[in-house]
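What follows is a single structure, written as structure tokens, with notes after it.
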């Protein structure tokens, strides 16, 4: 599958093969990661990577775009059908690029953004001070209650006080559903636009397994990987023609040059996969598997942020533990379970250490694992955390789990 690469750069070839083996042998439980469809990877590795196509279908600055025009148009139409909206821009290189383009389109420098606090589950692009959005705009944040749920009353009070031009509802580490209707009511109360960032839950949204951002949000952004299982990239959606025109200009020429046509083709392929009936069954499995995992951990007396989960991820709370999120990340990694350390509400440790870990079910569900496997995984996670310094136990668990994961290959033939 990679004949030329093996011949011309054996060093990179071997490293890619090493990563292929790692993905096969480890339990991938980082909530933002997934195994993309094999068809998506084939589209990404096509001759489309050779083509520049600045502009939009039938409005290009380069010649020779008659084929890629058809490809991008197909991606747009499939995105509109998938998300049940009237306008879609499929050129954003990433979710962060998509969010920055929305701000560029709809805000002026130093306008006000209200988004979820980073330690409560928000994303860097929702106004974090260290990000571009926190530097180019005035950013404010809302958070969660003591029970770990979004505090909508607090969000309203903050919005009334600061009068933001745009409110962002979305997250990178929040285990519950977003109430888009409530956020729209808050936005209308203060005359703000509402951006729904569904990067994490898009695969659940399009299958009816999570509340839909439309008709409540003025504009919606998402990545195309994560729970959608498409290529790494971003999309922007709206039902407002005026906003759509501004978004297009904000992407090109506002924040990007040439679109990545091989990625746009892969997005189109991914959207077609998402429209199939079996994708709904996958989304249901993602949610049910996470419920099994949460139950197993709670039965072992482990504390979860918000007490559980309503989507594809959960957050473990170590605020009252002698070990940190970083410690847990390393210990579980030694056992072949890949998670990520994560800040949590009430955080007392550094963002590089943290008091929690984030765990997702999307990738292992894509491999076909079900309730039986997730119960086993929950028990093994508990065993590791309850004896966190026992390296021999970690290595023993790794071998046990390797025997299990070998029954669920990532791909049925080498693709790398």
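Positions of Cβ are set from backbone N, Cα and C atoms, glycine also.
Quick look at what Swiss-Prot lists:
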BINDING   118, 122, 123, 124, 242, 350, 351, 352  (6S)-5,6,7,8-tetrahydrofolate binding site
SITE      225  site 'Plays an important role in substrate specificity'
MOD_RES   226  N6-(pyridoxal phosphate)lysine
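In this record, (6S)-5,6,7,8-tetrahydrofolate is bound by 118, 122, 123, 124, 242, 350, 351, 352; the longest C-alpha to C-alpha distance in that set is 43 Å. Close to residue 352 ((6S)-5,6,7,8-tetrahydrofolate binding site) in the fold, though at least 6 residues off in sequence, lie 326, each with a CB less than 8 Å from its CB.
Shown in sequence order, 124, 126, 128, 141, 343 are the residues of the chain, 6+ apart in sequence, with a C-beta less than 8 angstroms from the C-beta of residue 118 ((6S)-5,6,7,8-tetrahydrofolate binding site). All protein chains considered, the CB of residue 124 ((6S)-5,6,7,8-tetrahydrofolate binding site) has 17 other CB atoms within 10 Å. Here the recorded positions are 123, 225, 226, 351; the one with the fewest Cβ atoms within 10 Å of its Cβ is 351. Counting other C-beta atoms within 10 Å of each candidate's C-beta, the binding-site residues 122, 242, 350 are led by 122. In the three-state DSSP assignment, the secondary structure recorded for residue 226 (N6-(pyridoxal phosphate)lysine) is helix.
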